[in-house]
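Working notes, structure below.
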Amino acid sequence: MNLERLRKRVRQYLDQQQYQSALFWADKVASLSREEPQDIYWLAQCLYLTAQYHRAAHALRSRKLDKLYEACRYLAARCHYAAKEHQQALDVLDMEEPINKRLFEKYLKDESGFKDPSSDWEMSQSSIKSSICLLRGKIYDALDNRTLATYSYKEALKLDVYCFEAFDLLTSHHMLTAQEEKELLESLPLSKLCNEEQELLRFLFENKLKKYNKPSETVIPESVDGLQENLDVVVSLAERHYYNCDFKMCYKLTSVVMEKDPFHASCLPVHIGTLVELNKANELFYLSHKLVDLYPSNPVSWFAVGCYYLMVGHKNEHARRYLSKATTLEKTYGPAWIAYGHSFAVESEHDQAMAAYFTAAQLMKGCHLPMLYIGLEYGLTNNSKLAERFFSQALSIAPEDPFVMHEVGVVAFQNGEWKTAEKWFLDALEKIKAIGNEVTVDKWEPLLNNLGHVCRKLKKYAEALDYHRQALVLIPQNASTYSAIGYIHSLMGNFENAVDYFHTALGLRRDDTFSVTMLGHCIEMYIGDSEAYIGADIKDKLKCYDFDVHTMKTLKNIISPPWDFREFEVEKQTAEETGLTPLETSRKTPDSRPSLEETFEIEMNESDMMLETSMSDHST
């Protein structure tokens, strides 16, 4: 009987994915060869591929092969891992090797002529050891031990520099900081293990690591020319555009990838985040339904559905349901945790939002977004010290991100550091202009309004008006922008213009107490500036307000109480990795006001029309 021919047939059926046929012949070969270890190993492989995990593990462990051969130990542990028996899998990998293992192997070679499995089973020892480290990392991940998981992935990569799965798990899950990524790349023995492909590996690794770098034309080494159109390389470039807030260019690149490969795994999270940032709800709806139909067990499918419900608004309960399903399928899926936090943040549920963001921060140590959102929530709960600390951490990871710069400026404003706030806002504006030469995305409207607020504090009234008018171009029907312009006009003594702007603001939002109060004061001051006799021309200008002169004179006494409280508007904008729709919340803050006579002699001692904070979710 020619067993070698039957063994080749087993491998042939495995290559053709005819696993049942392969299993049948592997079982017969194992019996004919008197259960030689390599035949039992291939029998276990066939059982594993037919999802008979416990049978496969029993075939190896009942014969003690997992204690004698690294390949058998790895396969037995992988069977337990596939059956979600994580602790048993770890026990198999970490079991102590018998002292007489090498003597026994030598005996097998001498007595039975059995060859070294490294050559007979077509696997090198370094490759098997790397696979064991990789599997150990996955098990630690499943057991929520991220530190040991990270260490195991690093070891797997050092043992086998071609083990891209370990590298991808480290980078795509943001398990390393930028400095740690750099140190890892330098520590890899590329010249020792892959002399010929060293340039190729270095290019591919560096290209995937530079997500926070400024996007530039991809420079392909001559030795690997032809990778310009490779989809993984294009996705890495798109990711850099995404993290530098150039969402339109990112969308162009991801659309090209999705056209060539509609379900490209590494492109999907970036593409979904871009659709949210650009508010393409219909496209996201179509994509999410297609993903759920085709890949119901993939967390990115439910992440897409959750993002859609967050984007359309008033569907936060639905969004949480689907995002929770994504985190159940893969509890280390960071983008879903960020979006889950957004679903609470939109309802001003700060504690639940921060809990989700903290979970994301633990999972995504190398990503700045969880830190940004935690800081934002602390800012909204008036804890500026903690907010500043988290913004600083986000800034250390992504120093070029205009969203982070903007939030640091907001904290400086709240601390009364007007010059510092202006610097951060202007830096953020420069970064945005560098992306597209001019500010056109409506998500930057809060930044322009905040520049107007800080310029008003610095008594740069002309510049403040200019910034508020630019904000009106982006979002024309924003009542708070009109009231801010009216306020500046009142400070400049242009009471007629101020009255017009406050009236427009009230037309857009009738319950704006700040505009109601300021309108009354400006009308009174406008009358005071006019002649004692109110002529027909003045009456014509004021008749639209339905106030008689007596009402105007007594307006201060009627509406002064609202000075005690004023409504602040906070605009948050979400997305990650990950982008979700603009969120608006309001809160009231006590404030003491000077007398009417002092109102326009000095800039009001208000805590000011609250700076709008922008929030963007990068989903990857």
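Just so it is clear, glycine is given a Cβ too, placed from its N, Cα and C backbone atoms.
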Filtering S112, S118, S126 by Swiss-Prot annotation phosphoserine leaves S112
In Swiss-Prot, the phosphoserine annotation, restricted to S21, S255, S324, S490, falls on S490
Residue among T150, T328, T481, T599 with Swiss-Prot annotation phosphothreonine is T599
In all the protein chains shown, the tally of other Cβ atoms within 10 Å of the Cβ of S490 (phosphoserine) is 24
The answer for the repeat 'TPR 3' (70-93), taking Cβ pairs under 8 Å and residues 6+ beyond its ends, is 37, 40-41, 44-45, 48, 51, 53-54, 56-57, 60-61, 117, 121, 123, 125, 128-129, 131-132, 135-136, 138-140, 142-143
Quick tally over 37-62, 299-329, 369-397, 402-434 of CB pairs under 8 Å to the repeat 'TPR 7' (232-260) gives the top stretch as 402-434
The correct DSSP tally for the repeat 'TPR 2' (37-62) reads 22 helix, 0 strand, 4 coil
Residue counts for the repeat 'TPR 7' (232-260) under DSSP, helix then strand then coil, are 26 helix, 0 strand, 3 coil
